[in-house]
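So the structure is just underneath, and the comments pick up after that.
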Amino acid sequence: MVGVLPSQSGTVSRRDYEDLVLKLHDIQAVKFGEFKLKSGIMSPVYIDLRVIVSYPEILLRVAEAMWDRVRGAAFDVMCGVPYTALPIATTMSLQHGTPMLMRRKEVKDYGTKKAIEGAFARGQTCLVVEDLVTSGMSVQETVAPLEAEGLRVTDVVVLIDRQQGGEARLAAQGLKLHAAFTLSFILDTLVAAGRVTPEVAAATKKRARSWPKNAVGAELLRLMARKQTNLSVAADVESADAMLALADAVGPSICVLKTHVDVFDVWTPAHAEKLQALAAKHDFLIFEDRKFADIGNTVSMQYGGGIYRIADWSHITNAHLVPGSGIIDGLKKVGAPKGRGLLLLAEMSSKGTLAKGDYTAAVAAAAEANQDFVMGFISVSPGSWPAGPGAPGLIHMTPGVQLAKGGDDLGQQYNTPDSVIGERRSDVIIVGRGVIAAADPAAAAKQYREAGWNAYLASLQEA
Ligand code: S5P
């Protein structure tokens with residue numbers, strides 16, 4: 001095998017790791033940029049490892065640095081998380097002769113449902129190879145189909161651990177994380193090389209801790225940034241089939257599809273599967289707007305079971321805090337092991353809502369205390385909350401949005417995307433009839449996406 005990295009007693013030295021950090025910085029796989037939340041948070045380190053494929057020597061070093069970290073772990077096959085980690089896994093496979101598998105990002109079709117490609121036997125152990133771990137969510141999306149095929153997964157190797165809860169989250173599932181680098185190591189190395197000031201590095205480490213603690217919240221922010229949309233469409237249409245058709249039509253424009261599946265006369269696991277496939281195809285998250293409102297024990301049954309089995313397919317759901325914080329515990333018991341996120345209703349868009357003042361403040365406090373599972377709020381005017389818009393890292397999603405201010409005859413009140421995102425300081429607009437009642441919902445979604453995202457970018461510049 002090619003000894004690409006200078007090594008002492010067969011291992012990669014600290015110097016080699018530092019050198020590799022500088023090379024990754026040279027090719028801008030690691031750079032500084034900003035992506036802010038309304039509450040003032042940003043992710044100043046921008047890591048995009050896709051560029052590595054253009055630098056074969058660096059790709060080889062990356063693969064060797066990761067291989068070095070999993071020395072001692074036992075595995076029969078390896079599976080790269082699509083897409084960025086695939087060339088890395090391939091390089092590791094070629095260098096060390098360990099066979100590789102591939103997970104399909106979109107399951108091919110509903111007929112064959114082949115999620116894992118390659119030759120393997122049930123009971124074999126599979127190493128998962130990923131470029132970056134933030135919260136651990138995308139790793140989990142790869143582990144699940146591997147385990148469904150009867151493979152054992154015990155170890156995960158990544159190039160960079162962003163140190164935002166991924167290691168603990170994976171450990172809770174019995175997975176050991178091996179990282180070539182932590183974000184702190186990268187920052188320390190860049191400071192030592194004079195490429196980043198100690199002040200920026202310190203601020204970066206501090207800010208990194210304000211990234212959403214809930215995995216779905218973190219994923220939503222990444223998704224918004226890569227897809228350039230803060231539009232959620234409320235798919236309040238007449239049937240599950242119509243909802244699926246709408247999801248396919250507006251999918252390219254949205255970050256979240258919001259559903260009320262209890263308004264359909266038929267809902268089957270096949271509908272849920274098709275919706276999940278559309279979410280993978282178009283890169284959006286699913287939000288079943290169930291508005292739970294019972295004691296913890298009851299909501300855990302309603303969320304995990306029944307006809308709808310919401311926790312099985314919906315990344316996000318929401319709840320009222322009327323029963324007290326036991327409702328969060330009850331939902332978390334079911335949702336946390338499945339990697340789900342919860343929004344708390346802090347305010348409502350409807351006329352005469354009782355969710356205001358002290359109630360809203362109590363919801364903000366409960367969300368802050370439960371950020372591992374609570375990813376944010378349904379809110380209307382977080383910018384005017386007396387104590388500020390809630391803990392940093394929590395996301396605001398706001399319904400009651402149309403291009404013109406107004407309402408319906410049942411109490412709904414509409415504000416414009418500019419008002420909701422600019423003045424009221426929310427993050428995501430939720431639009432139902434503005435899109436679905438339009439003659440061309442796909443075109444309307446494009447329009448709302450543009451209005452929402454422009455308002456978002458404009459308000460970040462002011463912040
Ligand atoms: O306060 C609220 C909270 C929610 S989640 N007001 C709302 O309107 N919603 C939901 O947002 C509501 O259930 C519906 O699905 C959507 C608004 O739809 P539209 O047609 O009025 O835009």
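Every residue, even glycine, has its Cβ placed from backbone N, Cα and C.
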Record-annotated substrate site (TrEMBL): member among Asp236, Asp241, Asp329, Asp372 besides Lys258, Ser349, Gln412, Gly432, Arg433: Asp236
Recorded positions whose CB lies under 6 angstroms from ligand 1, from Asp294, Ser349, Gln412, Gly432, Arg433: Ser349, Gln412, Gly432, Arg433
Cβ-Cβ neighbours of Asp289 (active site, for OMPdecase activity) (radius 10 Å): 24
Alpha-carbon distance [Asp289 (active site, for OMPdecase activity); Arg433 (substrate binding site)] in Å: 16
Cβ-centroid neighbours of substrate site Asp236, Lys258, Ser349, Gln412, Gly432, Arg433, 8 Å, sequence order: Ala234, Pro399, Gly400, Ile430, Val431
Those active-site residues, out of Asp289, Lys291, Asp294, that come within 10 angstroms of Lys258 (substrate binding site) at the Cα: Asp289
Inter-residue Cα distance where the pair is Lys291 (active site, for OMPdecase activity) and Gly432 (substrate binding site), in Å: 16
Distance in Å spanning the most remote Cα pair of Asp236, Lys258, Ser349, Gln412, Gly432, Arg433, given for substrate: 17
Number of other Cβ atoms within 10 Å of the Cβ of Ser349 (substrate binding site) across all protein chains: 20
